[in-house]
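A quick write-up on the structure given underneath.
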């Protein structure tokens, strides 16, 4: 046993331990690009649009630009850290080297909340679309949840190559759907009449302006800040890319390219959807402020209701892309924490033939499904569905914002304390970019607190953290394994001396 100054104990695992936890390499630049874009793309199909009700069109645009700056700082930072520390642990790995075992564990725990709960939220959106398209009784929604989880878990378990090929195909289809929408919408748009149809009522809430031509910023700058949490949906989960480091053919070369190409793609798509969707006649920013299916509403405005089933199925592609890719990330994130001993080590065993972390993926899916089913049966179909969509969503974003703060801090510490480690890519934004990421994430959290649903989510995040921290404090920290992430960190202890 080897003890560290951070109050944790390590053991050197034998070769058989890692043989049972082997991964295979397949992903190149475009597979990584698809993994990042696919994870986010559902946010361009729905979710982002609620920001119109708090900021108006101009507020949504500027909030999107501010959040884009946050994600630029984040993605450039992880594009530097990931090839320098090319391990599956990603955010946990960066923080482990920078801030010690507890910093790594807490950062990993933040991401764990995000990646376990985000698929649960997305599958409820998928089910709502399917119920609407096919006229199914919402009472049977849990059966559809189980079906979708089962199908996409199978795609992720039975071979890395299959998983990445499916990711690439459905991401390309999703982008093609968006491009088709843009081309269809441009000749029909009436920006001033429809995108600017929000005013402010006597109670301070949004009202519809029948003739449009309203202010760009009906709620002022405070409306811009209140819209930040909704703008996050335009980029949320691009940060999962480094989780594929040990399954990338050449992570030092390909990871920065995949991340940067991904964020550029998403920035273009985000601008186009924010501009065009509310500009269509009969749609408008006011309606989109509460719409559950904004892209489908946009297609209906152009093509009518005659092909609603086909249009609905088309609009599903983005949700399916994100569900599939975040299930991938969920498995790798749990796998990395388990392989190092932070979570029970049984969770990191990989499939003997396909070399995929099937135990971690099934465990994460089981937790997400269990949370959904408990809420559903405790509160009933209608109220349960609402709570799943609102509370779990806020829990996921809460975890994400804290992980961004921790990754920004990790970047700054690594730049200062480990200036000489090999960095195949260096962030052009440097420490100021990481500092901007931290600052914007903090402001976004402050405005999230003002959402009543956020408080419900925070309570359950606190419970999640309390259980996990208790396990680590009592059991896990005495059983850590010298995994690749831990080996690297133990060899660069000077970084954690700042923390």
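Just so it is clear, glycine is given a Cβ too, placed from its N, Cα and C backbone atoms.
TrEMBL annotations: computationally assigned, not manually curated.
Computed from a predicted structure; not experimentally measured.
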Of the residue ranges 118-138, 454-474, which one carries the transmembrane segment annotation in TrEMBL?
454-474
In TrEMBL, one of 308-329, 330-351 is tagged transmembrane segment. Which stretch would that be?
308-329
Among the recorded stretches 26-45, 57-79, 166-186, 259-288, 385-406, which has the greatest number of Cβ pairs closer than 8 Å to the transmembrane segment (427-448)?
57-79
Could you tell me what the rest of the chain brings near the transmembrane segment (259-288), counting residues at least six beyond its ends with Cβ under 8 Å?
29, 32-33, 36-37, 40-41, 44, 48-49, 52, 56-57, 60-61, 64, 68, 71-72, 75-76, 78-79, 82, 175, 178, 181-182, 185-186, 188-191, 193-198, 206-209, 212, 234-235, 238, 241-242, 294-295, 297-298, 301-302
Who are the long-range neighbours of the transmembrane segment (308-329) in its own chain, taking Cβ under 8 Å and residues 6 or more past its ends?
34-35, 38-46, 115, 118-119, 122-123, 125-126, 129-130, 132-134, 148, 152-153, 155-156, 163, 166-167, 170-171, 173-174, 177-178, 237, 240, 243-244, 293, 295-296, 299-300, 361, 364-365
The transmembrane segment (216-238): which same-chain residues, six or more beyond its ends, come within Cβ distance under 8 Å?
36-37, 39-40, 43-44, 47-51, 54-64, 66-68, 71, 74-75, 114, 118, 196, 198-200, 206, 259, 262-263, 266, 270, 273-274, 322, 325-326, 329, 397, 400-401, 440, 443-444, 447-448, 450-451
